[in-house]
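Undergrad: Per TrEMBL, active site, proton acceptor is recorded for His134. Here TrEMBL flags Cys142, Cys145, Cys167, Cys172 as Zn(2+) binding site. Annotated compositional bias 'Basic residues' per TrEMBL: 450-465, in sequence order. Sequence annotations record features per position, and here TrEMBL assigns domain 'Deacetylase sirtuin-type' to 27-267. Residues or ranges marked as region 'Disordered' by TrEMBL: 440-465.
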Amino acid sequence: MSLGYAEKLSFIEDVGQVGMTEFFDSAHVLQDKIEQLAKLIEKSRHLVVFTGAGISTSCGIPDFRGPKGIWTLQREGKPLPEASLPFHRAMPSMTHMALVGLEKAGILKFVISQNVDGLHLRSGIPREKLAELHGNSFMETCPSCGAEYYRDFELETIGLKETSRRCSDEKCGAKLRDTVLDWEDALPPKEMNLAEKHCRMGDLVLCLGTSLQITPACNMPLKSLRGGGKIVIVNLQKTPKDKKASLVIHGFVDKVIAGVMELLNMKIPPYIRIDLFQTILSQSLSSDKKFVNWTIRIASVHGLSAPLPFIKSVEVSFSNNQNYKEASLDTQPFLLKRRTVLTETFEIFLNLKFSDGCGCLNTRIEIPFNFQDSIEGFKLDKNATLEKMRDAAIEDSKCGQNAVVERKTILVPKSETTVHAIVTNVKTFDYQLSNGDMKPMKEGLNGLKTTRKQRSKGRKRKTRL
């Protein structure tokens, strides 16, 4: 979890059992259990996955109760672990993306997460098929109209407190709140009700990377037993619910799930992260009407006052005119003011340097400048544009691709706001490298689930950028 999140939590003495001993099944036993799990998933008609902090440790996010967990080290008086990446740049693990593959194939019906890292949503699990019981460090919600806002920066508060932003719906405008629970906060009814519903419907609840200690969340998987469902637990430590499980696997979650995907002959989809930002070009005529006073600003799509965490600095240069001095914008807000001759036209080049955790160092954006030319606004099919970018990133096996997805213009005073999309991470997965000893299942299981159509008709919730 985020160290910032752990520090924001109210202090309590009893956080449950910590420093728990880790157990590892032998190679032979582990392979046998992975095969059993693959068969259970293959036969399942309503698979529900219940996840904890252990699913994200391979993403560079420390857990809480393991030998090097946050609460374990706190109790021992040792320094807290250091995250290998900024929290906002953490990428989904092999397991996160395998779940996406299972969901797209129609096998996985619902995900219940106790994590606040937002990686299930970032990986591509549909919002309507996800319950985040303890909230999301990147999600704000409107208490008035219910709209959700998924941010690319970690929110400054926890405990369902008001943030510094408001609902963008003109008919609403209420102050937004964070969604992350503090110790005394009750589970959100919408998330809890959906989770309980799917646990009751589930014929298989797969618990991944959770010690199953925090109530009432830890009791949800047990609801499947009443309808004849089964529970499988994959965790390095023993849990209080092990005796209720049909199968307990002590192994790394990524290795187990990679083995399952190979046995089911299913590919793990790549993770492609696309970030958005906006450029705002404002122009006004000087009093003598000979010059143009203009300002260009590089800002977050979440608002001018919102942080832009994935851009470290911006270098500004110009085409075919050495008289214009280049500029280096090293601190936010990224803002440049200039005056140029009215009749001159040129290109503004923005060299964006990315922050740590991005898959490439920089990329260049070109913006045409012509005060006397009127540029019309437009709005492209955003989803289609982003899908093309994903396809290109997969084919090129690299990031840095960018495209314009929207442009708004105002005639008086003249301004142009353009929304840009940039591929900032590309991550592929090869389960054969991590599970070379696994063999695909025999006829009857190979690829059977990859063609099963999705049956869920759950109502979609509004989630906005």
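The backbone N, Cα and C atoms fix where each Cβ goes, and this holds for glycine too.
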Undergrad: Looking only at the domain 'Deacetylase sirtuin-type' (27-267), what is the mean pLDDT?
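TA: Looking only at the domain 'Deacetylase sirtuin-type' (27-267), pLDDT averages out to 93.
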Undergrad: Show, in sequence order, which residues other than Cys142, Cys145, Cys167, Cys172 on the same chain lie with their Cβ within 8 Å of the centre of the Cβ atoms of the Zn(2+) site.
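TA: In sequence order, the nearby non-listed residues are Pro143, Ser144, Gly146, Ala147, Ser168, Asp169, Gly173, Ala174, Leu176.
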Undergrad: In Å, rounded, how far does the Cα of Cys142 (Zn(2+) binding site) sit from the Cα of the residue listed as 'active site, proton acceptor'?
TA: 17
Undergrad: Around Cys145 (Zn(2+) binding site), how many other CB atoms lie within 10 A of its CB?
TA: 13
Undergrad: Fewest neighbouring Cβ atoms within 10 Å: which of the binding-site residues Cys142, Cys167, Cys172?
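TA: Ranked by other Cβ atoms within 10 Å, the binding-site residues Cys142, Cys167, Cys172 bottom out at Cys172.
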Undergrad: Could you round the CA separation between the residue listed as 'active site, proton acceptor' and Cys172 (Zn(2+) binding site) to a whole angstrom and send it over?
TA: 26
Undergrad: Measure the Cβ-based neighbour count of the residue listed as 'active site, proton acceptor', defined as the other Cβ atoms within 10 Å of its Cβ.
TA: 22
